[in-house]
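Since the structure comes first, as structure tokens, the remarks are kept for the end.
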Protein chains: 2
Amino acid sequence: MLALAGYPLGLRFRFLDRVAEAPAGQLAELLQGDYADEAVLGRFAEGLELITYEFENVPVGAAKWLAERRPVYPPPVALEVAQDRLAEKTFFQGLGIPTPLFYPVLTQNDLLDGLERTGFPAILKTRRLGYDGKGQKLLHSSNDLETAWLQLGGQPLILEAFVPFERELSILAVRSRSGQVAFYPLVENHHAGGILRKSLAPAPATPARLQHEAEHLALRVMEKLDYVGVLAIELFEVEGTLWANEMAPRVHNSGHWTIEGAETSQFENHLRAVLGLPLGSTAARGHSAMLNLIGQRPNTALVLEIPGAHLHWYGKAVRPGRKVGHITLRTAAPDALEVGLKQLEAVLAETPAAAPLTD
Amino acid sequence: MLALAGYPLGLRFRFLDRVAEAPAGQLAELLQGDYADEAVLGRFAEGLELITYEFENVPVGAAKWLAERRPVYPPPVALEVAQDRLAEKTFFQGLGIPTPLFYPVLTQNDLLDGLERTGFPAILKTRRLGYDGKGQKLLHSSNDLETAWLQLGGQPLILEAFVPFERELSILAVRSRSGQVAFYPLVENHHAGGILRKSLAPAPATPARLQHEAEHLALRVMEKLDYVGVLAIELFEVEGTLWANEMAPRVHNSGHWTIEGAETSQFENHLRAVLGLPLGSTAARGHSAMLNLIGQRPNTALVLEIPGAHLHWYGKAVRPGRKVGHITLRTAAPDALEVGLKQLEAVLAETPAAAPLTD
């Protein structure tokens, strides 16, 4: 999606991915190799003007190695903070941004100490490499401790208090090399099984005060990190205030609606930011809903016959639980969005999921 | 632009072009070869599901050869009609669509006979392969005849009465394999030196009656040709009625604004049409102006800092008179469009044109 947004700006691309079948290879040069292999990184960097990433688990070492040779945006330090839940929450705390209570856990004793502060329910998470709900366990009572420890113990963990939030929101912010900043309207996110299923943008019934609070919070994060590019911060709305849950130093799934639903997409604005070009307007155009396609490929005709539906198929093999595309529904009026969303959800409900063993 | 619109639909592309540097080669497989070479056409068609074109001068023979082997849309007959100004105007006439008075010219005597019917001013044009104002000559008086004949004589020509039109408009229409049709709002076009410079969409101050007339006219053309895909018809507004000037059986420069300015772009709708998928909404989103970049590459930052400006650079070498990109300015309100357009026109006026000998 970055390349699709970048060609009209006159850009050319080279992608580095661990797998040769990465979808970007359909529309640009693709180098396949390991991120930890300096020979690969050297070949990748050769002749490039600058480097960016849209995958959160790029090793910080690789990003830093590249940053010594070419401009790399967002700065590797953002990756470093975002890859470790403890560093991330400590970072938020240091900026005075509210987060759920958290407690670092290395031993079973740490876990018990932590639970005295958080109480039940609480969530035990791996500090690193968690995504889409993987590497975490909800603890309802002490009965859950043994299973959770068996599953997650033996690596650095973090215990977090369960936050009785009203809803999950996210703010997409962007900061350019020149320091110019812009913010998209807050997005309301709906997860199931730890995976983002649906985003509504702009987030319905959101007071201007909340938007202002989110922008202020994102601005502090970006300035502290001397950030360049699009940054997503996942937030909890708790009794009318915002708590930071986590951040993603990249274009983000909860910003995919911007392709049709905003004047300038997050992908174009990310490119403008890393190139030091003026940022484009982040204003919403009408009302959008984004539905992820997870392990299923719906019938294209059924999707496209819904007014305002825009399909984004990623060209990936369909596997259970894998994000293989998304659909953005955009309408001028909010009631039309509701009607279309019901139709679209019905189409997806009737689409069989990939069987666990296909492909 | 077709490929950029098609990847999100899950499509893959192979392009055939006479030149190896064709921009499409940056983002899809490109086969370089002559359209008249059956070996090339055979390699091109190999494994394709269907074939379309976005270049009006594809030889009809090549399109027909391919159509015997694969579905080809728009139908080659549309190409055949559009490539010959005499056939085209006769075709419009046969459908009862008003056109300028015209007269076929093979000899100098034909020219004199024709001028008796059209009077001065009149336009002498080659019947085939004219585009962007090439291959035509405006005749003000009999003094112009000798030069015009020297320049154009010796090939089939057409003489057309000069139409004192109020303005030039175009209608972008689309018809799918299933027969579904849709129409974009009328566009107002401004040419200079025979080349499209600016399109305003929707065309300002256009009564619904005119839109209806244009749709009815385009519908007759598409049904007569059993047309599939996007069709553009260039029109003259003459005393509140529409006259057909010419048609283009393809996505069209005067429809480029639809990428940002309509719910579904002409490129996506062309693909939906040829695939037999439901057509997307053709409704305008706000107000758009499209400016062609002709033989000049403006400073990207100056363009992008204008609110609502979207750059489309084609990745071509800059040569005098060559269309190398376009900029669409999209705003919610018409007065904001006027302000932005002034800024944008100032940026383009300050951009040096390619020198005749560069590149």
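From the backbone N, Cα and C atoms, a Cβ is placed for every residue, glycine too.
The following features are taken from TrEMBL:
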BINDING   B:ARG85, B:LYS125, B:130-136, B:160-163, B:GLU168, B:HIS191, B:245-246  ATP binding site
DOMAIN    B:89-275  domain 'ATP-grasp'
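Features per TrEMBL, on structure.
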residue	record	DSSP class
B:ARG85	ATP binding site	helix
B:LYS134	ATP binding site	coil
B:GLU160	ATP binding site	strand
B:ASN245	ATP binding site	strand
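Model confidence over the domain 'ATP-grasp' (B:89-275) stands at 95, taken as the mean pLDDT rounded to a whole number.
For B:ASN245 (ATP binding site), applying a Cβ distance below 8 Å and a minimum sequence separation of six or more within one chain yields B:THR99, B:PRO100, B:GLU168, B:GLU234, B:LEU235, B:PHE236. Looking only at other Cβ atoms within 10 Å, the busiest spot among the binding-site residues B:ARG85, B:LYS134 turns out to be B:ARG85. Sequence-distant contacts of B:VAL163 (ATP binding site), defined by Cβ-Cβ distance under 8 angstroms and a gap of at least six in the same chain, are B:PRO100, B:PHE236, B:VAL238, B:TRP243.
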